Amino acid sequence: MSFLSIFTFFSVLISVATTVRFDLTNVTCKGLHGPHCGTYVMEVVGQNGTFLGQSTFVGADVLTESAGDAWARYLGQETRFLPKLTTIASNETKNFSPLIFTTNINTCNPQSIGDAMVPFANTVTGEIEYNSWADTADNASFITGLANQLFNSTDYGVQVASCYPNFASVILSTPAVNIFGKDDTLPDYCTAIQLKAVCPPEAGFD
């Protein structure tokens, strides 16, 4: 794969950027501690069966190495082997899994996003990322309390958005998810959405 192809592929990922609002007040999941405690998935309002989650894809560096090296990296569970793109998609989308949000059992406050990796936002694109190597990059910064920001975006002065500025939707068939300031004007190729918390079993997830 040529350098130009690799550069084009990753520029597509970066250039892709739906405003998010969260409300836990009307959610009651059976068998959980309290009416608003436990684990939730976030469904897009008005788009039945579309959730906030992650899509995985094979990185360009993997495509340029031998099958033996790639297999060894896979068996070693190297996170960089399958980078994750935070996105919105349906339950039936291939290589997609919803993000599971967990609340504190004592306070019911959002405390974590179900991935074991620490999420952060790219300070250039604002994109939420989980890739293991990118958190050391110059253009990346950790977000303190990201789960709380996502659950209560208006209270924390942020907008969460997804956009299709070019042919990225054709290649990946999905937008990326980005964080913007509350007063930022979103690009005209962005579409505002709302998310609501739903119980995983009710959403079709075990």
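Glycine is no exception: its Cβ is also placed from the backbone N, Cα and C atoms.
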Candidates are Asn95, Asn139; I want to know which one Swiss-Prot annotates as N-linked glycosylation site.
Asn139
Starting from each candidate's C-beta and looking 10 angstroms out, tell me which of the glycosylation sites Asn48, Asn91 has the most other C-beta atoms.
Asn91
